[in-house]
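Written below as structure tokens is the structure these notes are about.
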Amino acid sequence: MARDKIALIGSGQIGGTLAHLVGLKELGDVVLFDIAEGVPQGKALDIAESSPVDGFDSKLTGANSYEAIEGARVVIVTAGVPRKPGMSRDDLLSINLKVMEQVGAGIKKYAPDAFVICITNPLDAMVWALQKASGLPAKKVVGMAGVLDSARFRYFLADEFNVSVEDVTAFVLGGHGDTMVPLVKYSTVAGIPLPDLVKMGWTSQARLDEIVDRTRNGGAEIVNLLKTGSAFYAPASSAIAMAESYLKDKKRVVPVAAHLNGEYGVKDMYVGVPVVIGDKGVERIVEIELAGKDKEAFDKSVAAVQGLVEACKKIAPDLLGR
């Protein structure tokens with residue numbers, strides 16, 4: 001039986017890490033795409049040369065033409081530019097919107113049946129634009145945000161309590177930015193909700209609040225430490241978890257930037273919510289009841305995403321007709 005083809009659009013730090021993880025997990029054959037000649041070919045060859053050591057048989061190729069992604073079952077998009085000092089939000093939106101339009105056209109032509117995972121920032125606006133540009137069903141196009149944000153929250157909690165990360169469950173909703181909503185009430189250690197752990201004396205509310213703030217600023221913390229780049233290991237692992245749930249029909253419940261059409265009171269926008277991912281894509285949106293501060297924070301997050309989407313509509317009004 002032929003292996004699944006997994007196309008990675010963008011061969012930077014995340015793209016290269018994704019390719020290596022696909023090989024290590026033997027999820028399929030990899031096509032690394034990039035507009036920079038030689039870069040995807042070089043990275044693909046480097047990773048392929050590690051296969052005898054790591055013991056995987058996935059085939060890796062690099063390409064500069066969208067033709068190479070033909071028939072891909074999964075497409076993961078990291079193409080675009082990061083925000084640089086002095087660059088306004090609209091500058092970043094304008095540049096990466098053009099990239100999403102080009103990528104969307106390539107996917108539409110060569111991989112119209114794929115499950116598409118977008119990682120490009122600003123995430124919630126870019127995944128919206130990518131779905132419009134590709135014309136793929138909304139349930140087959142998602143953004144990678146919540147899995148990463150929740151993983152950071154889980155790691156910080158496990159570190160605080162000195163327990164295994166495997167025993168910590170945590171959910172982060174909303175946009176992928178500083179308005180994200182880490183849900184303390186729905187986060188647990190071995191099934192014990194965090195508020196109960198505060199009562200049990202495992203931690204204090206003030207300490208929990210600090211961890212929530214650190215989660216919101218998790219990406220910025222790494223950027224400030226690296227100084228010349230941003231996170232790529234954890235984002236790549238997060239996208240692979242989503243792809244694996246689709247490819248293996250695992251039906252995992254994971255928070256992703258999903259297209260909402262009335263759920264949570266949101267219409268035609270991509271916002272981070274828990275979903276079930278199976279071989280049909282997003283098979284169910286899990287609608288958690290939000291109240292009080294959580295509801296306020298979620299609404300504020302949605303408003304921030306709405307602002308980004310409105311800016312996209314002004315920059316690229318032709319997307320609306322798609």
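Cβ coordinates come from backbone N, Cα and C, glycine included.
When secondary structure is read from DSSP and collapsed to three states, G12 (NAD(+) binding site) falls in the coil class. Taken from Swiss-Prot, the feature NAD(+) binding site applies to G10, S11, G12, Q13, I14, G15, D34, N96, I119, T120, N121, supported by sequence analysis.
When other Cβ atoms within 10 Å of the Cβ of R83 (substrate binding site) are tallied across all protein chains shown, the result is 17. Swiss-Prot lists R83, R89, N121, R152 with the feature substrate binding site.
Classification of H176 (active site, proton acceptor) by DSSP places it in coil, neither helical nor stranded. Here Swiss-Prot flags H176 as active site, proton acceptor.
Listed in sequence order, the binding-site residues near H176 (active site, proton acceptor) (C-alpha within 10 Å of its C-alpha) are N121, out of G10, G12, I14, D34, N121, R152. Most Cβ neighbours within 10 Å, among the binding-site residues I14, I119: I119 holds that distinction in the structure as shown. Note: the CA-CA distance between I119 (NAD(+) binding site) and R83 (substrate binding site) rounds to 14 Å.
Of the listed binding-site residues, namely G10, G12, the sparsest Cβ surroundings within 10 Å are found at G12. In this structure, the CA atom of G12 (NAD(+) binding site) is 22 Å away from the CA atom of R152 (substrate binding site). Annotation for N121 (NAD(+) binding site): spatial neighbours G80, P82, R83, L92, N96, H176, criterion Cβ-Cβ under 8 Å with sequence separation of six or more. When Cβ neighbours within 10 Å are tallied across all protein chains shown, the highest count among the recorded positions R152, H176 belongs to H176.
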